[in-house]
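Inspection log for the structure reproduced underneath, given as structure tokens.
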Amino acid sequence: MASISSILGNGTANITTDCTAIFCYPTSKSGQNIVTGLYLDLALGALFLIGFVLWRGSFPIYQARMYIAKKQWRPALMPLKGHRRLWSWLVPPFTVSDSELLRQAGLDAVASLRIIEYGILVLAPLTVLGVAVLIPVNYTNSASEIVSGSRLDSAFLRMTMSNIPKDSGRLWVPFVYVILFVAWASFLLVRYHKAHLSLAMWHEFHPESEVVKGHSSQEEAGDSPVGNGSAAPPPAPASSDASAGGVSVTLADPEAGLLSRRTASHIDSRVVPSVLPGAPPVALGGPECVLTVRGQPYGVPRVGRYAVLILDDAEERYHFSGEGVLPGVSVLSRRRRGWPASYAVVGTEEEEEGGEDGSPTHGEGGEGGEDKEAEDGLAWRHANRRMQSAGRVFGEVFADDFVAVVPVYDCRAVDKLLHRRFGLVRRLERSRAALQAHEAGEPGDGAPAPTPRRRKRRDARLAKLTAAATQLEDELRAVLLEVETAKRRTLERPPTGPFFAVFRTQEAAAFAAGVNVNPPDQHLMRVLPSPDPADINWVALLRGWKQRMVRPLLVFPVIMVIMLFPIGIFTGAFSQLSTAICGVPAGDADLTTYATSWFCSDERLARFLRNLLTGFLPSLLLSLYQVLVLPLAFYLVAQAEATSFSLEDLDYRCGELFFYWNVFNLFLGALLGGSVLSSIQTFLERPSNIWPLLGNAIPASSNFFVLYVMFRGFALVPFRLFWPAASVFVFILKWLRIISWAKVPIDKAMEIPARNLRYSRDIGVIVMAIYVAVFAYAPITPFILPFGLIYFSLMWIVWRYQALYVYESVTNAQGRIWPYFAHRLVACLLIQVIFTSAMFIVKGGYVQAGILLAVLSLSLYGLRRYLKLLDRKGGIQTLRSKHLAGRVDPPLDLFTAPPLRSDADSVWYPEWGKAWQYWGVPRYGF
């Protein structure tokens, strides 16, 4: 490490009288900051790696998929004892093929891994070229005449573009490097994009390779396709009355053109579709109380392709005057001329009066319950109007291929009770386990009788445990009754606006998803492809069309506050804090005097603390903000928008917000906070030097990003291996015997739940932040390239290991993470072009800047359009794949929220309906 210190500088700088204190001193210390940060990062990384190696045999979270995945999807066993545990975890990442990874972890894991692999391949040759060419070209220059005679004695700055004199011919070297960088990155991006589309297409025609995600709460020899055999196996035909799993459903009657409910019981006389619970309450005792903490698999692969999602829209009626065609939005009218009678909306004049928001008509209803009943009646009629209209059209067009219309109900009350039931069952299991342990501790026949005092204590303990178990059983019985009552009350209430239409063929569903099912003279709804049942974002479906219009407007200011919160500016300015405290070194006549306190002295410990404060802590602070605050904030606002109807879309909406935050907050904020703000005083005192100082200030800010990339590569990549989730802390406490290990099955299952990868967070905010920083600064500060390459190389190993052994997918997004990344990588390349062009303008390279902006910007625009063209060609499901899927009878209860299903005991679990499961995010938000 001594050689590194000699290259980067020893922390003492010879600053001339023409350089201002606020700018020059932080630059001269950047080399020492990097060395200090490197020491700390390597030490922390080694500590995390040692902790992982020592505890990986004791903590099941490090190989969670060995316990939670099905047998056919489990990875290979690894030695966890002896000396082989030191390196056995490194073998699977290098020996498991992509095809095996696809089979075990799914297409999403393969696509996300290729994002990191792309970073290795794109940076490997460019790093060699940057270190071998750019750094020598920059280092052997002297730009001393640019800053009013001052000399850049910092070795770190000499390796940047700021050391090239203005109007120098050497500016053509970084110019050529940018062209090679963009060309190589674009070439690789197109190759990877085509390879991903080919893999996705192969995956489309080989559904047997797809991991139909699901987990069982207990190991079973013959795994039931839908938990405890409560629903139809794939793709067995449904019963003649179209009931699935004891749940009555609604069917379309094409002959009558109306929706009828084929069930023996009715809530009331309203002719509306409903899904009624058919199973009796769960009995108490023994195995009947077993709950699940993980999702269940679905019987029909990609069952969502057999359905469409229909969203309610603002109701508009078009009134046609005379024989002409003059549409206009008017009040509700019964007069429709020239349309077939089959298109008439079922209803009466009274039903069509009043607003669609459910408010009663003038003079209708009374006080209290009467107003509520009138409001519900209007909501019923509006929902009925849409479902009848859609069911009539689908029944007439698709005939026997159309199965049913399935409404969506607000299940929050039932879900709350099921959470209470879950907690009571856990407490009851613990109580019964304690009671059994107490009874097992009774002395045997041959043992001496206990003393009366001990017998009295044992009897008191037994009575207390028995009373506690009895009380929990009584509470559980009461909650079970409340659950059934809440289910019935929920189903008596009007459904929410959206609903599903289910078909027997994928061709029919695909055709229905692309047409307008509204009557010719009105607008009621719109049709979208349905997500898979496991991927449905039920929270968004609880919102009507008014909330879907208003919520994004209300949430937008909150998003702007998060985007503009100055964490990037703060951390960037934090790296300049020692200058604000200490000033600049003494000995320069025109500069302020260096502070004389111990913190500002030349003692080794003082220098170490200053470098720790300005180099290491800003990266740590930023990483903690990214890990603890930012994901929760963006998840809440994305869910509050109510515009993502699948968990996959919700996750990628978070990814969009993360990327915008990377660019506008982290990158630009740290740039402004670390460089431009540090030069404000100089700009005010010497306006003529604004462009030279800006040309030096922009590369000087790269010290923050170099330290950030180093910190993530050397410290946080090993930390990710050591700390895949916060439950590691719980395991450490159990290992230290501070808290006890789980003793009952449900607590053991909760120790290693099916925790999924948060692709939007892990790719959008962590990996993409490295891409933005490295790509933007590569031509200006090539010293950042080796650290970026090291980060992607180490992350590739850790990511591949955790995809195989730790994290489990909960939805099948069909690899959509790669297109998300590809289009944003084009934006990263554009940032590089704009950023480098600005440096050329500062350095007087107007020709280079003009060529880059004109040629490369247009080239990247063409690349973006070409990628979109490839997406349209490869992203559309082919007609052949839909035809080969065959004709099935999808279980209709799959399109009912888990709390309302009759088999809720096997399909409901605490984290259902969340895009990030077991990561502490709320389901319903605000």
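Every residue, even glycine, has its Cβ placed from backbone N, Cα and C.
Annotation comment: TrEMBL describes 34-55, 115-135, 171-190, 553-571, 612-638, 658-678, 690-711, 717-738, 759-777, 821-840, 846-863 as transmembrane segment. If you look up TrEMBL, you'll see 34-191 marked as domain 'CSC1/OSCA1-like N-terminal transmembrane'. Among the features that TrEMBL reports, region 'Disordered' is placed at 212-247, 345-374, 435-459. Residues or ranges marked as compositional bias 'Low complexity' in TrEMBL: 238-247. If you look up TrEMBL, you'll see 392-538 marked as domain 'CSC1/OSCA1-like cytosolic'. The domain 'CSC1/OSCA1-like 7TM region' annotation in TrEMBL covers 605-840.
Residue counts of the domain 'CSC1/OSCA1-like cytosolic' (392-538) by helix, strand and coil are 92 helix, 20 strand, 35 coil (DSSP-based). For the transmembrane segment (115-135), the partner stretch with the highest count of Cβ pairs under 8 angstroms, out of 34-55, 171-190, 846-863, is 171-190.
Here the transmembrane segment (171-190) does not touch the transmembrane segment (34-55). Their Cβ atoms form fewer than 3 pairs under 8 Å, with each pair 6 or more residues apart. Averaged across the domain 'CSC1/OSCA1-like cytosolic' (392-538), pLDDT in this predicted model comes to 86.
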